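**Q** Quick one: this structure, given as structure tokens, is what I'll be asking you about.
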Amino acid sequence: MSKIVKVIGREIIDSRGNPTVEAEVHLEGGFVGMAAAPSGASTGSREALELRDGDKSRFLGKGVLKAVSAVNGPIAEVIIGKDAKDQANIDQIMIELDGTENKSKFGANAILAVSLANAKAAAAAKGMPLYAHIAELNGTPGKYSMPLPMMNIINGGEHADNNVDIQEFMIQPVGAKTLKEAVRIGSEVFHNLAKVLKSKGMNTAVGDEGGYAPNLESNAAALAAIKEAVEKAGYVLGKDVTLAMDCAASEFYNKETGMYELKGEGKSFTSNEFTHYLEGLTKEYPIVSIEDGLDESDWDGFAYQTKVMGGKLQLVGDDLFVTNTKILKEGIEKGIANSILIKFNQIGSLTETLAAIKMAKDAGYTAVISHRSGETEDATIADLAVGTAAGQIKTGSMSRSDRVAKYNQLIRIEEALGAAAPFNGLKEVKGQH
């Protein structure tokens, strides 16, 4: 019943109007899985390769027909006839056929779309929801939790056309008792933030991830605006709602000078100075998580940052680790950061994603499941977060269907699982137990 009989790849459009790969995997019993690959803007240099056509006459060179041809041709040929329930085998076959270190022959966008579509088809064949199938693949059947959302309500950096250098200012509705309540709190703060920004004569257009993208005089001003919005919504900052930031520091690191340049503020810092700049913000505001607080290659700086702040708050590696077990293993050995951001298109298959989550958890690191800035209506990351009991999710703000699709799927899953999927709030965040 779970033998693969047909594989289809197609070019669809993502939330930024760029093409991406969608795949369908059809099984013997008439079961079908469909999934689409997301795409990042601030990408780590060691991510698996997203294959683009480079043909300037189509989609400004961003077409994905080569990746789609790989799905419809060589990938389909090798996995047709195989058992979709054996996810590790399906992924391994594709990885071996690609034969490159970073999936550059077929593209991680091709391999991932098929990998996820295969998992969805297998779940359908087993007559179970995707999160339940993922929990079985993860070796943790029936073990679920609802993730604490990190909601990106002010966008800067590569995600917005403004003067704010830090890429994401996020809220975590830690006072909520359920995921559904967390979404409500997030929505109320989001709408109150619009009022706060409007009252200051600021723009309330949204960035790629659905957060506002105003011009602000400093990063601290973004935090101050959020604090005002939280209070305006009737919540207590630090008790009901905590803060998180994604610096995406590689984007403002000057490799020539070795300095971190906050152009919006007209300031530049050495590596250790930037750590202390961030530490200063954490003393002023209840920031419990900082992602990519330094450049991905600044491992000495990260070791120092972890020493200074790692005992008190969650330090998440995104560009730093790129969901790659080899790099994560080295980071764990060297005591770099204490959490990993999980983006399955950074590594390019479900099996490798599950391996990264397991490695992190075994080492006492937390794992934060994440969207990309280029998304589709595909909500697989919601099932991934619940099925691995990862505990935290980053999937944007309270606007744009490409973001909200994930929250809505989490609401459905929570309704289905009830007490079997507890919402643990702040307890999920490293250093906040």
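The first residue you see is number 1, and the count goes up from there.
For all residues, glycine too, the Cβ spot is worked out from N, Cα and C.
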**Q** Given that Swiss-Prot annotates Gln167, Arg372, Ser373, Lys394 as (2R)-2-phosphoglycerate-binding, name the residue from Lys198, Lys200, Lys343, Lys427 that shares the site.
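**A** So the (2R)-2-phosphoglycerate site in Swiss-Prot includes Gln167, Arg372, Ser373, Lys394 plus, from the candidates Lys198, Lys200, Lys343, Lys427, Lys343.
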**Q** Say we define neighbours as other CB atoms within 10 Å of the CB. Which of the binding-site residues Lys343, Arg372, Lys394 has the fewest?
**A** Lys343
**Q** Consider the recorded positions Glu209, Asp246, Glu291 and say which one has the Cα lying nearest the Cα of Arg372 ((2R)-2-phosphoglycerate binding site).
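**A** The answer is Glu209.
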**Q** Between Ser373 ((2R)-2-phosphoglycerate binding site) and Glu209 (active site, proton donor), what C-alpha distance do you get in Å?
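**A** Spelling it out, the Cα of Ser373 ((2R)-2-phosphoglycerate binding site) and the Cα of Glu209 (active site, proton donor) are 6 Å apart.
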**Q** For Glu209 (active site, proton donor), just give me the three-state DSSP call.
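**A** Assignment for Glu209 (active site, proton donor) reads coil.
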